[in-house]
């Protein structure tokens, strides 16, 4: 509901881009998990703005855990993360109040909150809030990892440039995930990295912006996570991924490619080795909305950042006049390289929520005796 | 949670393919809405299996409203719809118990429910349950329509064949939605209809199946529906659409096409006429997760039906042996033409849920005085 | 929310007193539990109207399980119970439409549903719906019992008459619970039974009604159930008990008696025998909202049935005129003896919901290794 | 769920007694409400520890609003309140780690969190967290008051001493509510105030503690709030009140007194003046779980503070040995005078949550046209 999501664990997000602080409360975490603060810092760094390919707003993004942790371990009570806003230049925005930035939430925020929204820097709609999601997601990913579940994303395509896709070979895939998780700019093929960065810098120079597609892989999942209706794994993960700003498309496995396959090509045959597996993985580890133990593969399309420096046609909401708009301030010409860890984080949250419910989804003899 | 979804209104789905009955409970509906039973019947007919392009299981699908309606009006209490299962041939399945149908939920159901699931005809995972969703969705669509919100879908592509996409011109779009809603086989271009039917029949003759892409349009929406985190319009609608069996991809507006656009191409400029509108609608009526009053355009990829009659490699879950599987029974060679009304129904539910909350999203002066 | 309650398991209640049927959907039950249909029937009988001390409306109350059960075991999917309404005499009520019965929901239903409510026999507000709660509660109690958790209630007081209270001695208490669970009229002291029945018959003869207090005991609970905020055991159980019609007071342990105790008298000292226990149990097995393993003792006050046959001052909602009202129809002069199993049922539901979450509430080492 | 509650608006509570800070997030508030910070301060003062009748821990309890407010108005996004912990003396507790304080949550916290809980000062179970509830509740009460709904509580009884109960006369009641809301020690009869304070000081001198009963009244309510199942007004309010530490009994109107009334005495006759009202108000403004427009009257029993300074029998959880326990530190000999505003706050939250849903509960013609 609204700024809260989750069944077995929940998180509640709060804050505005130029308010005193942003934060998130993770509730329902198990007690006794040792939180790796260094890992949180390293995950926060993956989201950090750096160089010419990101905004010039640089925030320390120091993570303060206000509750739910004691002596380095989760206590089992609500864990709240606070991140202060420091490098705010609100005057950049004051002039714009009323002038609707195309592609942004300015207009819808006016309509929804009737002008009472904190409009500075996009307020509650700012990508800034994803910093909290990354910090909370890092804890979720640490818990999942301690149970053998590993998540990783890379930039599969940026504008016209493409990276190598994740491998079908599970051993290779595991290695690729590890590698991209160690990189700041997450691509498998390092040569395409430089081209992508140049492409972003070129767009930035033009005062324009770029989008692309992230590919996310999850390995080490148990079978049986998810519900037939209405909480299929696809439903829960897409719900969370689509809550990340700028996401406009989500697909699983062959995704939209299924449209051009026949059933005989789309089905994944079962084979029994030491355990039951599928020979192929077109359905990306999910049958009937429930995990079958194979890797989950997700594609997420992120639109080009709406903040561009070209002059755009717009409207002043307050004077109700048409205006020519030239955006000032500090913006990202592309967010794919920063968004990848945000997608990993919401996916981790969704999977941990499902994972925590496995008692209830397994039969009595399994659970209660 | 599980078989229940919704915040302001909720629905709860129950039943198995070969049990005595399937049903759904709609809770939180406003009192005093006159339900059009004829419209429900007509919507149910759009989902009905017909001819060679669908399963040979033909069900009367008579809709019984057990509660929440009195003298033809909603009472405001929980409204339960019951549909009996009549034309069941369970023997078709008994032989298969343990033999996992590729692409189906047989394996994951075994893992999740440890063999206690009702496996007949896919049990709770059967597309059969979408009959309840269509009946409940019809009521939601009637309420939305009484407030000027209209939803319609067509088969944009089926295997290699494509229909005309929905128009960018709002007047034309309105007409197109009306037309496809009047058709049993929802395509805009009637010529492609016959080709698509032939293509399905051809696949059926080969014992194979086909998938494709549905395009859904919603017009007449107010501004301000949806929440920034975590209940964006995209989040709520994708959650519901991905709970429909066989859906593997969902996108909004330009969807995955955004990856190859620059910000200057992707943004929708604002213009003030009698009210604020966007000149283009790449973002499909949604900015920052909230409706801006323009049409919402959704693309949904539906994979080819996993039930094919070709011999497939599989495993017997009980004997843990590899087997060659040849599926018996009655199945759909394609479900796009039946699924279109199911997608309309879940979309209607999600939008009505958001619509019911507009009190809470509008400011006090607006609401409470 | 509304007709739905629960976090780990949920139930959704639907139906009206004079509609075709009433029902309930239990969602989130573990798969593989063998349901004892005989036990359900025996629990339903405890709620049945009998003799002169209950309404003359006699219903078969046959329980139909439409889903979520296969071959006698829970499947793990939504389990729906349907009970048909047969012995309805709606004409008894038609005359009353608009004439507000004091103490009933007639007025509030008019105000809430603006006249669209099904007013026949109280519609959705009828105690009739508790039949579904008893059937669903029976399944919950069976699951709890299979884990050693047993619930029982007796009529501690009826008007001026009192039964023996539950014993502080755990061995005696266990025996008392067993005894009252075997009785149709649940009192510990059989002599007070006849006096109570005479008192009810006397009130019935006067066209009046009586209320009283139920005492409920739960034994065999594990430690650690419940949440500090906002889902304390007291919060969850009182929420459910207060949803039972006619309940006006709920207390735990010494309850309102705590007001006249000092801390030194109210505290329960801890002692270590083979395990940690409290020497006394004033706090009724709950500290800080969480179970400590001792018996939970609840007192529930049930007001006298509002349906009396004396002439009462009232208003006709439609004509807005004051009227003298003399209620016709078939009513209970007292519901304590029938309500006791309803309270057991909602308590069972609430405890099972908390019990199902114990994975999430226990620390990682316990759960995940 | 856990630390989160609410349907239309929700709040999420976090923090521990001796952690860096405690806080609460209010989500779903309407935009555009002017928050009166002075009123929040004055409500916080009512909860403040003062004199010999309260703990010697004195906290500034300065309320920081981190989000959801801009230029003094609610923005409609999640509003987070933070209160720092300053006057903490953790060493007082370190010695006690393992030594279970009778009547406290020490034992259940150990069992639930397996020793990972922050035990200092009761950690998350501390009454300290109610400071956040008072701050958030103050905003809820301000919104309700702007719609004519007013809440007030007084100490109806403390140990053997009793105050004058709230009047049945609505004009007098309104005046009494106003008066008690202006008082720090909330009693109607100022003479009993001094006796009560002496009684508390006497108990404190003995190293003992006292409890009592709060009476809460709500006036100005619209009709139609609440749901028949499972969210009756009694259910929602009792759920919230029982989440307040030390509450052991909650009743409405005649409460447990209904047990000794006959139906003819318990029913509230309806009479039409300019609008429909009841002549008496035994049912405390609630019929069938829904408000009828008359005042709601609630009684809440608060047990004597478990922290007493007498030597008590206990157990050391870690060494599993019986011990004699003498509690050190700073504690309240009575919390009634501080708890009254906490009860007002949770009641305000519950009523505002129900109030926000009135769109959904009123029929279409009323709402949508």
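Note that Cβ sites are derived from N, Cα and C of the backbone, with glycine treated the same way.
Taken from TrEMBL, the feature NADP(+) binding site covers B:47, B:52. Annotated FMN binding site per TrEMBL: B:124, B:125, B:126, B:288, B:303, B:304, B:305, B:306, B:307, B:330, in sequence order.
Locations of recorded TrEMBL features on the structure.
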| residue | record | DSSP class |
| --- | --- | --- |
| B:47 | NADP(+) binding site | helix |
| B:52 | NADP(+) binding site | helix |
| B:124 | FMN binding site | helix |
| B:303 | FMN binding site | coil |
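Other Cβ atoms within 10 Å of the Cβ of residue B:47 (NADP(+) binding site), summed over all protein chains shown, number 23.
Here residue B:303 (FMN binding site) comes close to B:103, B:211, B:246, B:247, B:248: these same-chain residues lie at least six apart in sequence, with C-beta atoms under 8 angstroms from its C-beta. Taking the Cβ of residue B:307 (FMN binding site) as reference, residues of its chain lying under 8 Å away and at least six apart in sequence are, in sequence order, B:101, B:104, B:209, B:327, B:329, B:331, B:332. Applying an under-8 Å Cβ distance to chain A, the binding-site residues B:47, B:52, B:126 reduce to an empty list. Looking only at other Cβ atoms within 10 Å, the busiest spot among the binding-site residues B:52, B:124 turns out to be B:124. Summarising the FMN site geometry, the residues cited as binding it (B:124, B:125, B:126, B:288, B:303, B:304, B:305, B:306, B:307, B:330) extend over a maximum Cα to Cα distance of 45 Å. Each residue contributes its Cα atom, and for residue B:305 (FMN binding site) and residue B:52 (NADP(+) binding site) these two points are 15 Å apart. Cβ-based crowding with a 10 Å cutoff singles out B:305 as the top-ranked of the binding-site residues B:126, B:305. Distance from the CA of residue B:52 (NADP(+) binding site) to the CA of residue B:126 (FMN binding site) is 20 Å. If you measure from the Cα atom of residue B:124 (FMN binding site) to that of residue B:47 (NADP(+) binding site), you get 18 Å. Under 8 angstroms separates the C-beta of B:124 from a C-beta of chain C, among the binding-site residues B:52, B:124, B:126, B:307.
Checking the binding-site residues B:47, B:52, B:124, B:126, B:303, B:307 against chain D with a Cβ-Cβ cut-off under 8 Å leaves nothing.
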